[in-house]
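J.: The structure's right below; bear with me while I get my questions together.
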Amino acid sequence: MLSIIRAIDAINDWFGRFIAPVIAIITLIVIYDIALRYFIGRPSDWAFDITKMLFGAYFMLLTAYGMRHCVHAEVDIVKQLLSKRVRTVTDLVGYIVFFTPFVWLLLTHGWEFATRSWSRGETTYGMVSIPIYPLKTVIVVTGALILLQGVSIVLRLILELKESEHGA
Amino acid sequence: MGPEGLVLLMFAGLLIGLFMGHPLAFVLGGTAVIGAILGPGEHTLGLLINNMYGRAMDNYVLVAIPLFILMARFLNDSGVTEKMFETMRLLFGRVRGGLALTVVVVSVLLAATTGVVGASIAIMGMIALQPMLKYGYNKGLSTGVIMASGCLGILIPPSIMLILIASYSPVSVGSLFAGALVPGLMLGTLYALYVLVVCFIKPDWGPGVSSDERESISGGQLLMMGLKYVLPPMSLILGVLGALFTGIATATEASAIGVVMAFVLFLVFGDRKLKTCYGSLLEAGKTTTMVMFVLVGATAFTGVFTIGGGMDVVKEVVLSVPGGTFGALLFMFGVVFILGMFLDWTGIVLLSFPIMLPIVESLGVDVLWFVVMVAVVLQTSFLTPPFGYALFYLKGVAPSGVAMLDLYKASIPFCLLILFACVLLAVFPQLITGLPTYLYGNP
Amino acid sequence: GDKISWTMTTTWPDSLELVEVDRHWVKLVEQIAGDDIDIKFYPGGTLMPGNEVFDAVENGSIDASGDWPGYWAGRDPAFSPLASHVSLFNAVDYLNWIYEWGGFEFYEKLYGKYGIVYLPYGVANSESGFRGQKRIANLDELNGKRIRLSGREQGKVLEKLGASQVTIAGGELYQAIERGVVDAGEFSMPGVDYKAGFGEVSKYWASPGWHQTASVYGLMVNKESWDALPENVRTKLKVAAQANMTWSLTWTERRSTEGAEKFKAKGIEITRYPDEDLKRIQDVANEVMLESSCENKLTAEIYYSQISYLNDYANWRDVSVPFNLSQANHNLPSLDAIKKCI
Ligand code: NA
Ligand code: NA
């Protein structure tokens, strides 16, 4: 079980480290667009759309990496009052009741959303046609990545639960 | 399930999930899915994806969020902001609470560049919280002042929220900007006064510099430190403002200019190592996904709330309230306050203005005054426990020693200050209407 | 009996008064079919962002939504000529073409591909034109300017005229004009523009609005929701759509008049392109229509039908000058050239 956890964590770590530099690319594109408009007087045809699309993909694809490093905001007040075991059970229940339906939504309806876009080769409607379907697919990919990370977290909780049983 | 049941279910689900300690983004998203299935029906689930994509992913204005976060990260990792706060502390000398005052001033300046709450709080949380705690500032005062000042971004113009509000009301953008300026600066001043007073009463909350330490540094040395460490970050903020006000760039684009300037400071003051730079990118990514994914969950939640008839429930209650003009106004501000705790501000403006503004007009109340009041009230809802977005954003960037309960406690005095400001604005409506009338004449 | 219940929205938020075109249709339906169908109408932006309504009607999250077909040109470029033109149809041309010259079939065909039934139910004449801090009285002055303008064909024409198209988010437009990030920008019709605050931040208004000489609005209905309606209710919805069409034309013209009056009262200087410049714009627009036709077969078919209509209608229209309805323009894209691309 521990090896599965480690493998998942490694995958999401690697992927997060791969995606994080995208923000530097976004910065450069915006600066390039300002420079063209200001110095040459002719803005880029694609910068606006590409910036927006990279941004959408950037933060979505980092979600699982964020889970891996526990950055997603949560309230720890009640948790602090509970015993370790109850806390672990509460965490498990949280993943079943809230996380699971949400991931299911991203995977199923996100999939339909993306395939509709693929089926017609949907593009932006600016001066240049830039394909939109890759960005729409990002929702499903995000769903898959956070499902993986969710599995890792839940397995870890189960391990903790087993350990506390043995301990008692 | 009827709309009333759905509203109860969704708010209950949210609170239960929240106190279970589950990540907020998933609580919002999961509640939305369950609510959609039990309320308006399974066929509406596609709508949640439409909202996530359209409101969060396909939204150019939000690009400013990761850019401002990266800017703050570079500033922080260059070490210049830490030295800036050290210098500021020495500059303030024996005046207590100097760093907290610095936070207020810098936040007001930042507020004039961005209208995005998550960004301003993340910025100040990253660069100011560590130095304040290091110099023995009270945890509650430090976090409270960062959260409260960070929210000013949506009130002090230019602000995307005010532009959206203007498009939903008969008030023009220009007069709304003018109308919100005085209340925004007034709140900033109140926060600063509070810092001075509370540090006067409780000296250990914001310790000043001891006379020994102060004497060990000459005036010349201090001037050099100021030129070296205070001037560059301040010019960065003024540079971003300048790019915006001289028409070189739009608000979103100006944030990219801020990143480049911060990167230059990183090259000048930082260790210039590729590894540190990559580390800044990774940390900026974590903060961005924290802020943005809460928004993703919130858009899903807001979508189900609307199609499930949640707004109709609210409307019925508003219309049935007794107590004349005063009662109606008070109640409407109350509704905005409560909604502000649960929905994102886009949702609140879109949903409540079409219902409330006709009521306001029929009551013969000045619409400009009302909408600015709403913007001020929204400041409190971001700060109010258990469910204020400012609290979550700061928690996301704060060091591990800061617990949610600390933030809950920290926000209370500032909520009271905003409440006090609301009373002032109600008793002296000229504070809102004065400047627009002076600039644009009577509407 | 069982009353059918629909959820409907539109691309227009409450802040843009085009939403009244949708509301008026809902009101008409309530009057003539209120016993059969109950339409719960949500203004644009409340259920989902305006750009997502097409997908939501297609996936069945909602039953119907008002739209402007041009928003869907990323799905198929042929939606564009169904929505508006650069310097071609005016509102009466669209009415003529849709109802009497076979235009309606193209709406059925294109929306039908996505499982959507379409009822055109609104039409408006020309948009305002460009407004900003700089004076653009002719094409020489337009040359080199940065203009906020939406639409692909619009952008192509603008670039060929020597100016550049800048894309700016709606929420940033007011500030962008105020601060001079763009030299000028277009948004909508005078009434809508005035409300968006352009009277506060601009000094000049370059007329006429050649970039969008008329616009069609309509209702997208999920096919399953449509098929579930009894025949007589469908007829009533169609009748309401036709009635709404006439109303929308007169109403938008009145609102544009009132908007123009307000801009004048603010002291905005209204300039006009000279006639020879408008001719040049027509030449460029014709080129771009040909280019678009050769990029997409259905676009070519639609332009072929629309220009054939104009040629045909000229037989009577030119006789009735100066009491004619449509513009007596004979400088049109070549039908033969378009035919080659079909
Ligand atoms: Na602001
Ligand atoms: Na337009």
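Cβ coordinates come from backbone N, Cα and C, glycine included.
Automated prediction, rather than curation, is the source of TrEMBL annotations.
From TrEMBL, for reference:
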type	residues	note
DOMAIN	B:12-431	domain 'TRAP C4-dicarboxylate transport system permease DctM subunit'
TRANSMEM	B:6-38	transmembrane segment
TRANSMEM	B:59-76	transmembrane segment
TRANSMEM	B:96-129	transmembrane segment
TRANSMEM	B:141-165	transmembrane segment
TRANSMEM	B:177-201	transmembrane segment
TRANSMEM	B:251-269	transmembrane segment
TRANSMEM	B:290-308	transmembrane segment
TRANSMEM	B:328-351	transmembrane segment
TRANSMEM	B:415-440	transmembrane segment
J.: Contact between the transmembrane segment (B:328-351) and the transmembrane segment (B:251-269) is defined here as three or more C-beta pairs under 8 Å separated by at least 6 residues; is that satisfied?
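T.: They are not in contact.
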J.: In the same chain, which residue numbers or ranges, 6 or more beyond the ends of the transmembrane segment (B:6-38), come under 8 angstroms Cβ to Cβ?
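T.: For the transmembrane segment (B:6-38), the far contacts come to 44-45, 47-48, 293-294, 296-298, 300-301, 303-305, 307-310, 313-314, 342, 386-387, 392.
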J.: Which whole number is the mean pLDDT over the domain 'TRAP C4-dicarboxylate transport system permease DctM subunit' (B:12-431)?
T.: 87
J.: Near the transmembrane segment (B:328-351), which residues from the same chain, at least 6 beyond its ends, have a CB less than 8 A from one of its CBs?
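T.: Cβ under 8 Å, 6 or more out: 11, 14, 55, 154, 161, 164-165, 168, 295, 298-299, 301-302, 305-306, 311, 314, 317-318, 321, 359-360, 363, 365, 370, 373-374, 377-378, 380-382, 384, 387-389, 422.
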J.: With pairs closer than 6 in sequence left out, are the transmembrane segment (B:415-440) and the transmembrane segment (B:177-201) joined by 3 or more CB pairs under 8 Å?
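T.: Between the transmembrane segment (B:177-201) and the transmembrane segment (B:415-440), contact is present.
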J.: By a Cβ-Cβ criterion of under 8 Å, what residues six or more beyond either terminus of the transmembrane segment (B:415-440) are in contact with it?
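T.: 148, 172, 174-176, 178-183, 186-187, 190-191, 194, 333, 366, 368-369, 372-373, 376-377, 379-380, 383-384.
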J.: Excluding the flanking five residues on each side, which residues at least 6 beyond the ends of the transmembrane segment (B:59-76) place their CB within less than 8 Å of a CB in that stretch?
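T.: Long-range Cβ neighbours of the transmembrane segment (B:59-76): 82, 114, 116, 118-120, 122-124, 126-127, 160, 233, 236, 251-252, 255-256, 258-259, 261-263, 265-266, 270, 280-281, 283-285, 287-288, 291-292, 295.
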